[in-house]
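For reference, the structure discussed in these notes is given below.
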Ligand SMILES: Cc1cc2nc3c(=O)[nH]c(=O)nc-3n(C[C@H](O)[C@H](O)[C@H](O)COP(=O)(O)OP(=O)(O)OC[C@H]3O[C@@H](n4cnc5c(N)ncnc54)[C@H](O)[C@@H]3O)c2cc1C
């Protein structure tokens, strides 16, 4: 369902540029061979500029975390699409400027290029230049921010200048462009302007209303394995939207930094939505997660969410195949704990890959669940031959050595299981292939969550 919804949204996003390009081609291509260099450069340049503007509006909508889009696509996918789309948008704008330079050069040489592109006489040109400048600043701020060298509170406001670039660019295009009032352009602009305004208002409402930001206090930090802890957060002033979270969803965590908060990092809420506290099970991987490991009772954490669509349809399925790699188990812990808490039980097989038995989080809890729920747990250990203890583990827990292979899939799963996969990209790619080989299921039949963007 969510895969299909994302495809529909992707199609609708591509529709604007497709309609613009088709309209442009219909009007321009028949006469293009008679154009001189200047007219041809101007025509192609306007096509790139118009598409860039549509991409820019989509970029803002993705970055705005607009709830109606988030609910069907998931914030993780929105965020992953954000960076490549930003690169495409900037490239389109550079082509636009480059072609305009060629146009003016062919009309009047270098002096005309300088006066047309740099002169302050035409206010609409100044707006275009300003939009471009803001976008470059926004892109640079994101690159610098991602490197971790500049605090979030400094680079984020610069990044938000993108919001101002859209109206500036649109006004520039409406005044300068010669085809902006033609059909179908005018319909596309109308839709783009409405979607942009809607996304902007939603972001503003979420910032001012604060329903998806919850101030939390660390209740306790519990060591799970040698590199993983569970952090339990108590919500200080009510749960906001987090009260209505679904199993498998994630939240953005921010730690106090200077007078504000750090950049947000996504983590799955690993306990059941019925629990009053929020539990995050976090593996140490870099700077931020190391700080999380250093938290202690009473520390403040800002939590935003819930987000994500992974596992949203799992409870309506007749049987589940949950496949996890390492800390990718967290959405499944949330789902299983929810099933346990509500008694809403779906027959489930959990295949979980780890390096060694020392990396297994919550082994006793899973074993206990496998005794009271229709749950089969298969631990697959790549660097250890471990057979478990049948007298302690019971009949529904088993151990395999190596990786999750086609052979293991065949042994424990069936094609009528609903498949859910959460683990590193290489593991996901190998398993999608194996699932297709063994059960003939295409990738779209496997719901997936990636732990980065
Ligand atoms: C939807 C989702 C759910 C997740 N759930 C969990 C979980 O339950 N437990 C867990 O241990 N980890 C989880 N992660 C991964 C976790 O967000 C990253 O490990 C963490 O942000 C890394 O930060 P770092 O500074 O410690 O490490 P770094 O070494 O700086 O980063 C390691 C990798 O994490 C990713 N990353 C870094 N910063 C961010 C950021 N601000 N936003 C998004 N990704 C980033 C990048 O791909 C980077 O290569 C989840 C990620 C996503 C997208």
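Every residue, even glycine, has its Cβ placed from backbone N, Cα and C.
Taken straight from TrEMBL:
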type	residues	note
TRANSMEM	35-63	transmembrane segment
TRANSMEM	84-106	transmembrane segment
TRANSMEM	126-145	transmembrane segment
TRANSMEM	157-175	transmembrane segment
TRANSMEM	187-205	transmembrane segment
DOMAIN	211-313	domain 'FAD-binding FR-type'
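Ranking 35-63, 126-145, 157-175, 187-205 by CB pairs under 8 A with the transmembrane segment (84-106) puts 35-63 at the top. Sequence-distant contacts of the transmembrane segment (157-175) (same chain, at least 6 residues past either end, Cβ-Cβ under 8 Å): 49-50, 52-53, 56-57, 59-60, 63, 124-125, 127-128, 130-132, 134-135, 137-138, 140-142, 145, 189, 192-193, 196, 200. The domain 'FAD-binding FR-type' (211-313) scores a mean pLDDT of 95 in the predicted structure. Long-range contacts of the transmembrane segment (35-63) within its own chain (CB-CB distance under 8 A, at least 6 residues past either end) are made by residues 13, 16-17, 20-21, 24, 28, 69, 78-79, 81-82, 85-86, 88-89, 92-93, 95-96, 99-100, 102-104, 106-107, 135, 162-163, 165-166, 169-170, 173, 177-180, 185, 188, 192-193, 195-196, 199-200. Counted with DSSP, the domain 'FAD-binding FR-type' (211-313) comes out as 12 helix, 47 strand, 44 coil.
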